[in-house]
Every structure is written in structure tokens, then in C-alpha cells.
Amino acid sequence: MGDRSGASGSRRRRTGSRPSSQGGSGPAAAAEEEVRDVGAGGDAPAPEKDKDGDVDVGSGQWDLRCHRLQDSLFSSDSGFNNYRGILNWCVVMLILSNARLFLENLIKYGILVDPIQVVSLFLKDPYSWPALCLVIGGEAPGCAAAGKKANGGAAQCTVSYPDNLTYRDLYYFLFAPTLCYELNFPRSARIRKRFLLRRLLEMLFLTQLMVGLIQQWMVPTIQNSMKPFKDMDYSRIIERLLKLAVPNHLIWLIFFYWLFHSCLNAVAELMHFGDREFYRDWWNSESVTYFWQNWNIPVHKWCLRHFYKPMLRRGSSKWAARMGVFLASAFFHEYLVSIPLRMFRLWAFTGMMAQIPLAWIVGRFFRGNYGNAAVWLTLIIGQPVAVLMYVHDYYVLNYEAPTAGA
Ligand SMILES: CC(C)(COP(=O)(O)OP(=O)(O)OC[C@H]1O[C@@H](n2cnc3c(N)ncnc32)[C@H](O)[C@@H]1OP(=O)(O)O)[C@@H](O)C(=O)NCCC(=O)NCCS
């Protein structure tokens, strides 16, 4: 009896939870409510109640009633919104379809994962390592010394200018996971060893995972994309692009977690750096603007403090200041890609500058969940376009041009 009354109670709640705007307050709404009341009780005999006040369903014709005025669950009028099971179904389907892709890939290419290959690539050509290795190689002893002192009692003492003009302070800023200098950074009281160990293990595991996924999944797809590009076969190019989008996006997500959660937290923990807001909930972005404000907080804070706000203070309009920031960001994105590839193309630059019209389009035409879907779509599709463009140009420049010349 308790079950039954509970279920009917929940049904009544659902029907009753209609927004009043839909029910309205006019005569039609009143009539509808009347029908509802009649539907709920009607002119059926009033149910008998036991001494606890519960409806006694075992007597008379009351127990035969099984219909009431109510909406189907998928109607928005029903007010029902628990789709947890459907979300789980999506995850199961995703795992199943990717398991099939994984098997197909293995059958087609065998095992391509080779961690030694990556290490040997760097070992073979140590002179073209990024300048970061110089910084770490040259400055590590200083950093270690600074770290030890800072860890001792840095959480308590505050520094004021010009006492901060020391190597220790300089090195602390260089290695701290921030781009914005402060005299007194917020400090954590101690190093949490288990937290640090988890972050370090994540760093190791995720690095291997990313390298493995690139070797096994991305490289063959990219290699197979060269012919459609050469033949300018547009339908095949789009097919390759969509195929590349899945591993590219997955690797990008892993990279996000690896860099912004594992690496930056590990460094911060070691250095007692207290501000751990390296990212915010960009995955809920309903606009492109929100995404750029929340996905890379160290860069965003730098842009705001050293570029955007100074421009606003000097009288620039918001639009001009935003344009200036994206122009600088586009330059650095291009720089980071062009230098290692040793070829100057403007794909990364264009991709970054395209964010401005994109932000306008998404903001103008999409709202709520549609806006969120639009942001995800631009992330999933936009990046592989740039990747394919660079690979294509690199291939033409390094493999086709020399052969043509010969
Ligand atoms: C361009 C960018 C900085 C704009 O940021 P935004 O948050 O949309 O800018 P807003 O106009 O909302 O204002 C931001 C701040 O400026 C302040 N501000 C606004 N007008 C101001 C004015 N006239 N004078 C001073 N400050 C002002 C706001 O109060 C706000 O301050 P708060 O952050 O302390 O709350 C941001 O989109 C960005 O960082 N883009 C580039 C990101 C990037 O390239 N990342 C690379 C990742 S790989």
C-alpha cells in the first residue's frame, strides 16, 4: 500500500510541476485544472481511508482505477528530466563503438606503439631540443636551493619591495605554475605526498598513453589522408577529417588533464604554490567567449593583466582590446608550431583569429545546450583541420618537393 501511494504521489507531483506559464492563469487554464481535478478524483466514490489516513485500495471499485490525466515522460509538459539511464547508455554505446574501432585498427595495422622510438628521436638529435632543456639544465640547482628555502617557512613570511629582488624570488617565479608575478604568492602549508605521487603517476601514465594513441591511431590516419589531398578528392578528405577528429579530440582531452591537472598541480605541490585554479569548467561553455575565459587560466590571467586591461585603461574599446589579445595569442600559437616544423604557414594563426567571428556567430545564434554543443563541435572539428593542413604542407615540402626537384 505504501508503494502504491508513493508512486501515485510522484505521478501527481510530476503533473503538478508544470510551469505555471504553460498552465496559464486565464479561463482556459482554470478549465484545464478543473478537468485535471475531475481526472484525479472525478465522480468516483471517495476512497475509504484507514485509521492512519491512508487510502484503503482494497475496497469498493476504487482499486480498479488505473488512469489519470498525465503527460508522457518525453513531453516537456511532464516536467520529467531524469535522463541518467540514457547518459549511461551513451557511454556504453561509445565504449562499444570505440572497442570496434580499436579492434579494426589492431587488425589493420598490428601494434604500432613503440615508446623507445620517441625517446630515440630526441636522443639522436639533442641539439635541436627546445630551449626549455637549456633552462632546466642551467637553472635546476638554483631552483632546488630556492625550493628548499621556500618550503621551510615561506607560508608565513611576506616580502615587500625591494626585498624581493633576489635570485630565490626570481627562480621561484620562473618555475611557479603562473605567468603573473606577485610579491607574495599564496602558499600551501605542506607537501601532500600522496597527492604528489598520484599526480606524478598520472604524468607518467598519460604521457605513455598519448604517445601510444598518436602512434597507433593518429599516424596511420594521417598517412592515409595524403592521397585524398593529392587527388583533391573532397569527399574522401572530409571522411579522413572526421576519422581524425575522434583520436585528435581524445588526445587533446588527455593533454588537457595531463598539463592543467597533473603537471601544474605536481609543480605547485612541490613549490608550495597555493593557487591551484589552472582551469575552470570550460566543458560547460555555452559560448566561445566563456571557453577562452576558462580553459587556460594562467594564460587568460596574463592576457587580462598585461594586455586587455591596460588597453582598456588607455581608452581602447573592448572590441579592440579583445582583438589585440587574440592577435597576440594567434602569433604565439603560430610561433609554437612553425618553429619546430621549420615552415611558416598561417593555419594556427588563422584558427586563433577565427575565434572572434566564431564567438559572434555562436553567441548570436546558439543558446544553452545548443551553444554548448556548438562549442564542442568547433573544438572537435576545428583542430583536426589545422592538423591536416600542417601535415599536408609538411609532407609536400619535405617529401614531394625534393623528389620533384630530383
Ligand atoms: C580577450 C580576453 C582577455 C577577454 O576576457 P573577458 O573575460 O571576456 O573580458 P571582459 O570584458 O569580461 O572583462 C574582463 C575583466 O576586465 C575588467 N574590465 C572590463 N572593462 C574594464 C575597463 N574599462 N577598465 C578596467 N577593467 C575592465 C572586468 O571587470 C573584468 O575583470 P575581472 O576579470 O577582474 O572580473 C579573453 O577572451 C582571453 O583571455 N582570450 C585569449 C585567451 C587565449 O588566447 N588563450 C590561449 C590559450 S591556449
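Yeah, the Cβs are placed from backbone N, Cα and C, and that goes for glycine too.
H333 (active site) counts 19 other C-beta atoms within 10 Å of its own C-beta, drawing on all protein chains shown. The annotation active site is assigned in TrEMBL to H333.
The compositional bias 'Low complexity' annotation in TrEMBL covers 17-30.
Under the heading region 'Disordered', TrEMBL lists 1-57.
Annotation source TrEMBL lists transmembrane segment at 200-219 (among others).
Marked as transmembrane segment by TrEMBL: 250-271 (among others).
Summarising the annotation, TrEMBL assigns transmembrane segment to 319-338 (among others). Outside the transmembrane segment (319-338), and at least 6 residues removed from its termini, the chain residues within Cβ reach (under 8 Å) are 299, 303, 307-308, 311-312, 344-353, 355-356, 390.
Per TrEMBL, transmembrane segment is recorded for 344-362 (among others). Long-range contacts of the transmembrane segment (344-362) within the same chain: residues 287-289, 292, 322-323, 326-327, 329-331, 333-334, 336-338, 371, 374-375, 378, 382-383, 385-386, 389-390, 393, each at least 6 residues beyond the stretch ends and with a Cβ under 8 Å from a Cβ of the stretch.
Summarising the annotation, TrEMBL assigns transmembrane segment to 374-392 (among others).
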Outside the transmembrane segment (374-392), six or more residues from its ends: residues with CB under 8 Å to it: 222, 225-226, 229, 237, 240-241, 244-245, 248-249, 252, 285-288, 290-291, 337, 341, 345, 347-348, 351, 354, 358, 362, 366
